[in-house]
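> The structure is given below, and queries will be raised subsequently.
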Protein chains: 2
Amino acid sequence: MSRTLPDLSLYLVLGAADTGKRPFEEVVLAAIEGGVTMVQLRDKQATTRVLLEHALRLKALLEPRGVPLIVNDRIDVALAAGAAGVHLGQDDMPPALARRLVGADMLIGLSVSDRVEADTADPETVDYIGIGSVFPTGTKADAGTAIGPAFAAELRQLVDLPSVAIGGLNASNAGQLRGSGIEGLAVVSAICAAADPAQAARELRQTYFG
Amino acid sequence: MSRTLPDLSLYLVLGAADTGKRPFEEVVLAAIEGGVTMVQLRDKQATTRVLLEHALRLKALLEPRGVPLIVNDRIDVALAAGAAGVHLGQDDMPPALARRLVGADMLIGLSVSDRVEADTADPETVDYIGIGSVFPTGTKADAGTAIGPAFAAELRQLVDLPSVAIGGLNASNAGQLRGSGIEGLAVVSAICAAADPAQAARELRQTYFG
């Protein structure tokens, strides 16, 4: 495989609406300062044109800082923006088909929330998995019931791929995942809604990686 | 250019919800029997996975009958399904970027509703235009104000590309476009909501092409 595995340790997921009145650039820059290693653009409401504009703005911000940009669901937008990869939910393009569209160089992430979905995560096609929702979350309407940290750890052991935990994670509960083997934390509001996104990122790292 | 210009004369646009309780295959087959020459899958609500499944089902139906399948907005789904083309609105991917993603063989249609949009329809990139909404329509939430048949005819003259009229067209009003130079009629409910879609298609052809 011609792709480099990314640093999944702190993975910020956001759409323009998640940063409220602050421009998303401001939040993203602070988050990177605080230790975010990867950014995913996720916006199911935006038109294709707006999503593409946001992807291009994020890429301009991230590329000079060596932080990969991942686009949720939209392979067309990921390709048009020259993103580092796509993240696929179970309602998105099946990973094998996605791989044919994106070629060998782009990263593919896959969300898994149960054993059946974990079984479909083929390491030949998929580069990393997102395990969740670990805790209840308000930022994803279709996130389903929270699976809890113990089951998240179990899912991690079923898949031979690096992983991030996602769903309702914050500096108070992320410690419950220590020892799970899960490689990184993915968050939306723990950083986007924080008064100080850089400090929030630092605290998340401290809680999980010590 | 390595693409063949399609027969635009009667262009059916639909998503799964547009055919109500009838399976969309039933409506599409009857519509083709009645003279539909092109089909566009347009569904802004469906998940990517469902949209792809519908695109594949439509393609299986259309391909043996020589009817091109066009996917609205979603270049990723069009590519994955092996569709004949994509149709782009003004809020979708800009056509020049879309052309880079789809290559030289896939058709690109572009919606235009005013002179500025008509000016952006570059014949090097775009294969046909959709002019509208000609009449008020209930099937497209973001369709904007109806432009009327006289202005539709004016837009047709501004662009050196084949065209379809779209928006609220039916067998009672399509005759108002005769003499406009517009090559075809695009409809949703005039066929999808008709008790007899084949007959509805025949009447549309008769009204416009005589």
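We number each residue from 1, going along the chain as drawn.
Positions of Cβ are set from backbone N, Cα and C atoms, glycine also.
I grabbed these lines from TrEMBL:
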DOMAIN    A:10-191  domain 'Thiamine phosphate synthase/TenI'
BINDING   A:Gln40, A:Leu41, A:Arg42, A:Asp43, A:Lys44, A:Asn72, A:Ser111, A:Lys140  4-amino-2-methyl-5-(diphosphooxymethyl)pyrimidine binding site
BINDING   A:Asp73, A:Asp92  Mg(2+) binding site
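Walk me through the surroundings of each of these features.
Taking a C-beta cut-off of under 8 Å and a sequence gap of six or more, A:Lys44 (4-amino-2-methyl-5-(diphosphooxymethyl)pyrimidine binding site) has these contacts in its own chain: A:Gly15, A:Asn72, A:Asp73.
Around the Cβ of A:Asp92 (Mg(2+) binding site), the same chain contributes A:Asn72, A:Asp73, A:Ala98, each under 8 angstroms and 6 or more positions distant in sequence. Under the three-state DSSP scheme, A:Asp92 (Mg(2+) binding site) falls in the coil class.
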> At a CB cut-off of under 8 A, do any of the binding-site residues A:Gln40, A:Arg42, A:Asn72, A:Asp73, A:Asp92 come close to chain B? List them or say none.
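Going by the Cβ criterion (under 8 Å to chain B), the qualifying binding-site residues are A:Asp73, A:Asp92.
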> Name them in sequence order: residues not among A:Gln40, A:Leu41, A:Arg42, A:Asp43, A:Lys44, A:Asn72, A:Ser111, A:Lys140 whose Cβ is within 8 Å of the mean position of the Cβ atoms defining the 4-amino-2-methyl-5-(diphosphooxymethyl)pyrimidine site.
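Surrounding the site, in chain order, are A:Val13, A:Gly15, A:Asp73, A:His87.
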> Among A:Asp43, A:Asp73, the binding-site residues in question, whose Cβ has the most other Cβ atoms within 10 Å in this structure?
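Going through A:Asp43, A:Asp73 one by one, the largest Cβ count within 10 Å is at A:Asp73.
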> Look up A:Lys44 (4-amino-2-methyl-5-(diphosphooxymethyl)pyrimidine binding site) in the DSSP assignment and reduce it to helix, strand or coil.
coil
